[in-house]
Structure formats: C-alpha cells, structure tokens
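Feature annotation from TrEMBL assigns active site, proton acceptor to HIS230. As annotated by TrEMBL, NADP(+) binding site applies to ARG39, LYS138. Taken from TrEMBL, the feature substrate binding site covers HIS168, LYS172, GLU206, ASP225, LYS330, LYS335. The domain 'Glucose-6-phosphate dehydrogenase NAD-binding' annotation in TrEMBL covers 3-177. According to TrEMBL, the feature domain 'Glucose-6-phosphate dehydrogenase C-terminal' maps to 179-475.
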Amino acid sequence: MLVFGGTGDLTLHKLLPALYHLHREQRLPADLRILALARKPLDSDGYRALAERHCRAQVARGDFTADTWHSFAARLDYFAMDAAQSAEFGRLAQHLGKGCSRARIYYLATAPQLFAPIAAHLAIAGLAGANTRIVLEKPIGHSLASALAITQAIGKVFDESQVFRIDHYLGKETVQNLMALRFANALFEPVWRGAHIDHVQISVCETLGVENRGGYYDQAGAMRDMLQNHLLQLLCLVAMEAPVRFDAEAVRNEKVKVLQALKPLAGLDVRDLTVRGQYTSGHIGGQEVPAYYFEKNVDNDSDTETFVALQVEVDNWRWAGVPFYLRTGKRLQRKCSEIVIQFKPVPHRLFPGAAEHANRLLIRLQPEERISLQLLAKTPGKGMTLEPVELDLNLATAFSRQRRWEAYERLLLDVIEGDPTLFMRKDEVEAAWRWVNPILDGWRECYQKPRPYPAGSTGPEQAHSLLELQGRRWHD
Ligand SMILES: NC(=O)C1=CN([C@@H]2O[C@H](COP(=O)(O)OP(=O)(O)OC[C@H]3O[C@@H](n4cnc5c(N)ncnc54)[C@H](OP(=O)(O)O)[C@@H]3O)[C@@H](O)[C@H]2O)C=CC1
Ligand SMILES: O=C1O[C@H](COP(=O)(O)O)[C@@H](O)[C@H](O)[C@H]1O
C-alpha cells in the first residue's frame with residue numbers, strides 16, 4: 001500500500017492508527033507492506049519515529065504495546081518524492097523494483113489537485129496495471145468542473161472497479177446501523193415517508209478548529225469539506241429506497257437516485273435557504289480559542305465558511321414536501337453528529353400535550369452511538385398528563401464485548417479485500433457536485449461575508465432563524 005500524503009494529518013491521525021489496529025488483530029495480509037510518500041526529507045527510521053509518536057497518541061493505552069508496534073513498524077517504509085513531478089515516478093518505480101507483480105493499493109491522502117497528476121504519472125511509469133487499486137479521499141475536486149476532470153483523468157488510467165472513493169462517514173458503525181435499522185426492521189418502513197414525517201435534521205457539529213490544516217481548509221470551507229460528501233451521504237442513507245441486495249451496485253444505485261432527486265437551490269433560494277458562518281474567538285470547554293482568521297495559513301480577510309446550514313427537499317414520491325435541514329460547523333459548543341427524524345403529531349388529539357411532543361427518532365453517530373425513540377407516556381398519578389420519555393439503545397453497551405472499530409479500519413480492510421459497497425461511485429460524486437455547485441456560485445455572485453459566530457456557540461443566529469421561521473427548531 002503506497003500512501004501519498006504520508007506525513008499529513010489524515011495519514012498520521014487516522015490511517016496509521018487504523019492500520020495499527022488491523023495489524024494488532026491480525027486482519028492484514030501477512031505480506032502487506034506500507035510505503036508512505038511525501039516531499040518532507042525523511043528516511044524510513046525517521047518516518048517510523050514520527051508514525052510511532054502519532055500512533056501512541058491515537059491508540060488507546062492498553063492497545064499500544066512495544067512488541068506490536070515493532071512488528072507493525074517492520075511493515076512501514078518512507079520514500080521522499082514530489083508527486084507533482086513526473087520524473088519522480090521513475091525513481092519510485094526503481095525503488096519498488098522492476099517486474100514486481102505484487103498487488104498494489106495507491107492511497108491518495110493528498111489535496112485533490114494531485115489526484116489527476118499522480119494517476120497520470122503512475123501510468124507513465126508503468127505502475128498502474130490491472131492488479132492495482134486507487135483510493136481517493138474526499139473532497140474529490142473543488143467544483144463540478146474539477147470533479148469531472150478528475151474522474152476523466154482517473155478513468156484514463158484505472159477502470160471504475162479499481163477506484164475506491166472514500167467517505168469515512170460510511171465506515172462509521174452507526175451509519176451502517178442506519179441501514180440495519182431501516183431495512184432489517186419491519187417497524188419503521190411504513191412510516192418512513194412524507195405522510196408521517198414532518199422533517200429530518202442532519203447535524204455534524206465539531207469543537208475542533210482547522211488546526212494545522214488552514215492551507216487546505218481555507219480553499220475548501222465547510223461546504224466542500226463536509227456537506228458535499230459526508231452530510232449528503234448521510235442524507236442518502238436516510239432517504240434511499242431499499243436496495244434489492246446489500247452489494248455495491250444495488251446500494252449505490254439507490255443512493256445516486258436520492259442525489260439526483262435533490263431539489264436544486266439557486267438564485268433567491270440560496271439567499272433564503274442557506275446560511276454560511278465563520279467562527280470568531282470564543283471559549284470551548286473553558287479554553288479560549290482564536291478566531292478562524294488567526295488560524296495558521298488562513299488569509300486574515302478570508303471569507304471561507306466554517307459553518308453551513310441549509311434546507312433541501314428530496315423531490316420524489318416518498319419525500320415530497322419534507323424539509324431536510326443540514327448543518328455542519330467547526331468550533332461549535334459540542335462535538336455531536338446526529339440525525340433526527342421528526343414525526344408528525346397524531347391526527348386527533350385525545351390528550352393535552354400530545355401535539356407538542358410528536359414522536360422523534362434520534363440517531364446519534366458520535367460521540368456516543370445511540371438510537372433513541374421519543375414516545376409519550378402517562379405521568380404517574382392522577383389525571384391523564386403526558387410526558388415525553390425515551391426508548392434508548394446505546395450501541396456501545398449493547399455490544400460491550402466487541403471493540404468499536406474506527407471508520408478507517410473497516411474501509412481500509414474493504415479496500416484490501418476489494419469490496420466497494422461503502423465507497424462512492426463516480427456518478428454519486430458527480431450528482432453531489434451538480435447539486436452543490438449552484439450554491440457555491442450563488443454565494444459568490446451575491447457576495448456576502450459568512451455570518452460571524454463565536455467559537456463555543458451553536459452557530460450563527462441565522463441558522464436558528466432558518467427553522468424558527470417555519471415553526472421548528474434544531475434539536476439540541
Ligand atoms: N485530516 C482529516 O481528518 C481528513 C482529511 N481528508 C482528506 O485527506 C486529504 C489530505 O488531508 P490532510 O492529511 O488533512 O492534509 P495535510 O495538508 O495534512 O497533508 C497533505 C499531505 O500531502 C503531502 N503533499 C503535499 N504536496 C505534495 C507533493 N507535491 N508531493 C508529495 N506529497 C505532497 C504533504 O506532505 P509534504 O508537504 O511533506 O509533501 C502531506 O503529507 C484531503 O483531501 C482531505 O480532504 C479526509 C477526511 C479526514
Ligand atoms: O472529512 C473530514 O472529517 C473530519 C470530521 O470527521 P469525524 O470522523 O471526526 O467526524 C473533519 O474534522 C475534517 O475537517 C474533514 O476533512
């Protein structure tokens with residue numbers, strides 16, 4: 001496995017710890033070797049020391065032992081090269097050894113601008129044969145046009161069956177549980193539609209800022225970094241029809257139909273139904289944190305959004321008229337990713353209070369993995385007063401004997417085993433960009449600075465008004 005971007009945040013914080021866990025549980029092929037690549041001048045020993053520091057910090061103390069680390073580190077090497085330079089790939093081919101027939105995975109943990117050049121350079125150097133796979137990290141491109149250009153460039157070198165477009169949210173246990181909840185339980189399907197559902201909320205709130213990733217993030221913003229991929233994938237899983245089989249083509253066929261059914265937002269809708277924000281200084285967990293424009297490598301007059309909230313509809317038979325509210329942001333009050341399915345109230349009111357507390361299904365993805373259903377029950381004692389109570393399923397305690405896998409563990413193993421079910425197909429990526437692009441254009445055209453919100457808050461006021469104007473509120 002060759003990891004381009006081997007010194008980057010993603011590799012050090014997520015990929016290597018995930019590979020370490022898989023190694024520790026003996027799930028990796030015995031002869032798998034990992035070659036990290038980046039420009040930083042390091043030798044393999046220097047890289048292993050860097051990798052050890054990060055894995056030690058990321059892996060739970062009880063799971064990190066010197067013996068396991070040494071056997072894992074024996075798989076690891078480093079090769080310094082500039083992946084933008086074609087000639088460097090000749091050197092790489094030499095390093096790998098001519099005629100080597102090993103199966104290879106190229107993991108592109110780099111900015112998307114490098115995807116097309118890396119694929120082309122691999123081909124020129126004779127490194128892109130039939131026994132290779134390529135993994136592309138999101139966001140794939142910066143706009144619809146650049147995404148299409150990447151797809152075309154990758155397609156010239158690799159067959160679609162060799163391409164794994166990763167969205168790590170699909171590797172999260174609770175996200176896969178969403179499919180189990182919907183399609184393995186008969187209970188929800190009859191009411192999973194506009195006739196019974198008032199609206200859906202999908203929130204991915206982070207307390208982290210952009211850390212050392214200002215250079216990348218300031219070019220991307222919350223829309224490209226999170227909404228175009230992670231939140232739209234969650235929306236697909238909530239809204240899709242039942243696939244005929246649980247396999248890559250059937251699941252992805254259903255997801256792409258949802259993306260194609262998203263009601264376009266353009267012109268005045270962009271103004272009225274979307275909110276962009278950017279954090280100013282504030283406090284999170286008692287710590288003072290700086291404003292976005294003080295982060296490293298961020299332009300001090302940046303108008304990049306670190307928060308986005310919007311309303312969208314899925315224009316099809318099942319969901320006509322049901323608003324889906326999506327929001328994501330950095331430096332918010334709490335880390336919490338969740339999906340809220342708000343049901344409609346009962347049609348005929350027998351009891352006071354029944355209308356204000358219609359049933360609500362909460363699917364919490366993180367930090368806890370929980371599914372809870374809010375029901376109304378009678379308050380003990382005289383009279384018929386009702387109160388909301390929760391039917392609560394905590395997935396960590398329900399499966400307490402199994403270690404919870406990190407998303408990247410599952411996905412890396414799927415790449416190694418060649419299972420693309422939890423990866424995005426090219427038409428999904430394209431459909432997502434087709435919907436997102438007019439919003440980005442709209443923001444640019446009606447040039448409006450992102451609304452400021454203090455770090456540690458719940459986002460800009462306008463995001464709350466978006467729902468309040470329709471008599472609804474975000475679930476806190
Ligand atoms: N960080 C995260 O949590 C997540 C990131 N991603 C995605 O992963 C990708 C990488 O993100 P992240 O790790 O945060 O970014 P970083 O900026 O931290 O890392 C970029 C990596 O690319 C290398 N690189 C840059 N230019 C070249 C070049 N010309 N030749 C060779 N290597 C190069 C850098 O090393 P050097 O400068 O030494 O060359 C570094 O290793 C992005 O597309 C991001 O969206 C996806 C999900 C989560
Ligand atoms: O893809 C990304 O995801 C992380 C959030 O991932 P999570 O698993 O911690 O929820 C986000 O911080 C990062 O900006 C983005 O690139």
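Note that Cβ sites are derived from N, Cα and C of the backbone, with glycine treated the same way.
TrEMBL feature annotations superimposed on the structure.
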residue	record	DSSP class
ARG39	NADP(+) binding site	coil
LYS138	NADP(+) binding site	coil
HIS168	substrate binding site	helix
GLU206	substrate binding site	coil
ASP225	substrate binding site	helix
HIS230	active site, proton acceptor	helix
LYS330	substrate binding site	coil
LYS335	substrate binding site	coil
Contacting binding-site residues for ligand 1, chosen from ARG39, LYS172, GLU206, LYS330 when the Cβ sits under 6 angstroms of any of its atoms: ARG39
Neighbourhood of ligand 2 - binding-site residues from LYS172, ASP225, LYS335 with Cβ under 6 Å: ASP225
Between LYS172 (substrate binding site) and HIS230 (active site, proton acceptor), the C-alpha gap once rounded to whole angstrom: 11
Residue among binding-site residues GLU206, ASP225 with least C-beta crowding, 10 angstrom cut-off: GLU206
Which of LYS138, LYS335, all binding-site residues, has a Cβ with the fewest other Cβ atoms inside 10 Å: LYS335
Length of the line joining the Cα atoms of HIS168 (substrate binding site) and the residue listed as 'active site, proton acceptor', in Å: 8
LYS138 (NADP(+) binding site) as reference: those binding-site residues from GLU206, ASP225, LYS330 with C-alpha within 10 Å of it: ASP225
Cβ-Cβ neighbours of LYS172 (substrate binding site) (radius 10 Å): 24
Sequence-distant neighbours of LYS330 (substrate binding site) in its chain (C-beta under 8 A, six or more apart): GLU206, THR207, LEU208, GLY209, VAL210, ALA222, TYR279, TYR292, THR306, PHE307
Residue, out of the binding-site residues ARG39, HIS168, whose Cβ gathers the largest set of other Cβ atoms within 10 Å: HIS168
Cβ neighbour count within 10 Å of HIS230 (active site, proton acceptor): 22
Rounded distance in angstrom between the Cα atoms of HIS230 (active site, proton acceptor) and LYS335 (substrate binding site): 15
For substrate: widest Cα to Cα gap among HIS168, LYS172, GLU206, ASP225, LYS330, LYS335 in Å: 20
Overall pLDDT of the domain 'Glucose-6-phosphate dehydrogenase NAD-binding' (3-177), taken as the mean: 95
ARG39 (NADP(+) binding site) and ASP225 (substrate binding site), Cα-Cα, nearest whole angstrom: 24
